[in-house]
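Quick look at what Swiss-Prot annotates:
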| type | residues | note |
| --- | --- | --- |
| DOMAIN | 3-231 | domain 'Glutamine amidotransferase type-1' |
| ACT_SITE | CYS86 | active site, nucleophile |
| ACT_SITE | HIS203 | active site |
| ACT_SITE | GLU205 | active site |
Amino acid sequence: MKFGVLIFPGSNCDHDAHWVLGQVAKQPVTFLWHESHDLENCDAIVVPGGFAYGDYLRTGAIAKFSPVMEAVRKFADKGGLVIGICNGFQILTESGLLPGALLRNEGLKYICKPVNIRVETTDAPFTQGLKKGEVLQVPIGHMEGNYVCDDATLAELKKQDRIVFRYATPDGQITREANPNGSIENIAGICNEGRNVLGMMPHPERASENELGMTDGFRIFESMVGAMAKR
């Protein structure tokens, strides 16, 4: 399974993702420059965290116009796996690959800390190797992680089982206190209707090695590899 990790001007988590996929997961992985029209026959695409184009205008607002994102849209439309992490999630919403938007955190401050997220569905390639209801510890690092959408979109996400992760307590309770940024209904990650595109604010690549003190995030990448092996 070959992964492609996008690089935009201002990305800063691209090398982290590349390291985890190549050195920890032992998968073929390549960098894809933002001006590229070619995804180089990759089986899965990672839209990494950072500050693409300096977050000018809005987070992800300029990145959506880059040539590589046009290629990613076509790739996703054909069922290709795409995971957007933090700024990558913001880019996916701006690009129309996922509904809703990410606003400034409720407390108007940048937040960088470990959080707990509960697995809400295993009916997706990204979580097929996990258990519904289990809790993962994964760090966040964002200023605009407050997920919002209109009532109709929220109802659709629930009906179609597309809420993939929610912020929770260590024992899996969905509480106001467990929500770090004010995200509607504690949403930490969602997928598209085809279930092949995931956007999440927490950083699984920062929780993928013992040296980092957390390894739960690596299981998301393992699930992707396992799902592709079954195709």
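Even glycines carry a Cβ here, placed using N, Cα and C.
When Cβ atoms from all protein chains are considered, those within 10 Å of CYS86 (active site, nucleophile) total 27, not counting its own. Geometry remark: CYS86 (active site, nucleophile) versus GLU205 (active site), CA distance 11 Å. The Cβ of GLU205 (active site) has CYS13, ASP16, ALA17, TRP19, VAL20, PRO48, ILE85, GLY217, PHE221 as same-chain neighbours under 8 Å, each 6 or more residues away in sequence. Mean pLDDT for the domain 'Glutamine amidotransferase type-1' (3-231) in the predicted structure: 96. Less than 8 angstroms from the CB of HIS203 (active site) sit CYS13, ASP16, GLY49, ILE85, CYS86, VAL138, PRO139, ILE140, GLY141, GLY217, each of them six or more residues away in the same chain.
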